[in-house]
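Visitor: Found this in Swiss-Prot, in case it helps:
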- SER237: active site (ACT_SITE)
- ASP334: active site (ACT_SITE)
- HIS367: active site (ACT_SITE)
Amino acid sequence: MNQRRAAGSTGVAYIRWLLRARPADYMLALSVAGGSLPVVGKHLKPLGGVTAIGVWGARHASDFLSATAKDLLTPGINEVRRRDRASTQEVSVAALRGIVSPDDLAVEWPAPERTPPVCGALRHRRYVHRRRVLYGDDPAQLLDVWRRKDMPTKPAPVLIFVPGGAWVHGSRAIQGYAVLSRLAAQGWVCLSIDYRVAPHHRWPRHILDVKTAIAWARANVDKFGGDRNFIAVAGCSAGGHLSALAGLTANDPQYQAELPEGSDTSVDAVVGIYGRYDWEDRSTPERARFVDFLERVVVQRTIDRHPEVFRDASPIQRVTRNAPPFLVIHGSRDCVIPVEQARSFVERLRAVSRSQVGYLELPGAGHGFDLLDGARTGPTAHAIALFLNQVHRSRAQFAKEVI
């Protein structure tokens with residue numbers, strides 16, 4: 001009887017999916033179903049990624065075009081942009097005041113660069129110490145180790161960087177290089193990770209991989225000169241979401257059932273860069289389109305039938321008094337993830353958490369500014385380094401006082 005009911009429920013769900021499916025849904029299903037087939041599977045699998053990116057792009061095209069048109073029609077927009085970029089150091093200092101010492105804030109900041117940061121990728125990668133290190137059992141669970149050749153004798157603080165990509169692209173290539181190279185130059189050990197993505201790996205596979213990387217670092221990073229007792233995590237866009245969620249769900253059994261018993265997935269600090277922090281809210285057209293994208297591509301379940309999945313995946317709903325220190329960075333003119341996401345998240349953190357919460361809102365900056373905007377990227381990477389170094393010093397000082 002139970003088997004009949006299960007079969008009936010499956011059949012009803014299948015019919016319901018057929019009735020609401022669109023052409024892109026069929027392409028995604030074809031790619032996922034055919035990806036494991038011999039011979040042709042490897043050719044069908046990329047179709048899912050391309051389709052998923054297309055679905056994501058279609059949902060943001062109108063916002064992007066609207067913002068672009070508004071800019072073009074705004075008198076004196078070039079002067080406004082110049083002034084916004086010139087204010088990066090000033091707003092960064094203001095955001096860190098009270099968190100970072102005045103002496104550290106007074107040191108010389110990086111000069112703005114004219115060329116897009118992506119053009120300097122090779123220069124940053126001189127700090128890559130080891131490539132394609134496995135952090136899990138799956139061949140896709142890879143990381144690069146960034147560090148100086150002349151490491152200090154004592155264990156170095158560690159940063160795990162989680163790249164973005166709308167939860168359908170999780171490659172460590174290009175992303176985060178300015179932050180990784182700056183911290184590596186200062187003696188940190190940095191781990192830049194890949195993780196598995198939709199549509200072939202639906203949620204919560206993404207966060208499970210991030211948790212696996214954290215547990216791996218806690219157990220193994222000392223082999224590369226890192227301090228297993230200080231692990232920070234940072235990420236941009238989808239990686240910002242994953243970093244925040246990881247920081248707020250330390251050792252949550254829901255997200256580490258696959259890990260060995262006793263694995264430690266806690267982190268000591270979080271930096272979220274233009275991240276998405278709410279998977280539930282559908283109060284605006286933009287947010288409703290985003291949830292629809294999650295339902296169709298990332299989660300592959302509906303929020304009406306599985307509200308707990310979307311709630312549990314929302315960092316804004318997971319904030320507790322014991323949250324680690326946070327630095328949240330967002331551009332005021334982000335048309336992919338509107339800045340209200342960051343503002344609401346920071347408000348929640350400051351109301352609940354006992355730890356320090358920094359918020360750096362960059363005037364005029366858009367999504368992905370750290371790849372395209374040389375005037376902002378250097379100072380922002382410097383601000384992140386100041387924040388993380390301060391958290392590390394405070395933690396070390398506290399440990400000495402306890403001893």
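Including glycine, each Cβ sits where the backbone N, Cα and C put it.
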Visitor: In sequence order, which same-chain residues at least six apart have a C-beta under 8 angstroms from ASP334 (active site)?
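Guide: Long-range Cβ contacts: TYR274, ALA365, GLY366, HIS367.
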Visitor: Write out the long-range same-chain contacts of SER237 (active site), meaning residues 6 or more apart in sequence whose Cβ is under 8 Å from its Cβ.
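Guide: Within the chain, SER237 (active site) has Cβ neighbours under 8 Å at GLY164, GLY165, ALA166, ILE273, TYR274, GLY275, ARG276, VAL336, ILE337, HIS367, GLY368.
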Visitor: Take the Cβ of HIS367 (active site) and count every other Cβ within 10 Å, whichever protein chain it belongs to.
Guide: 21
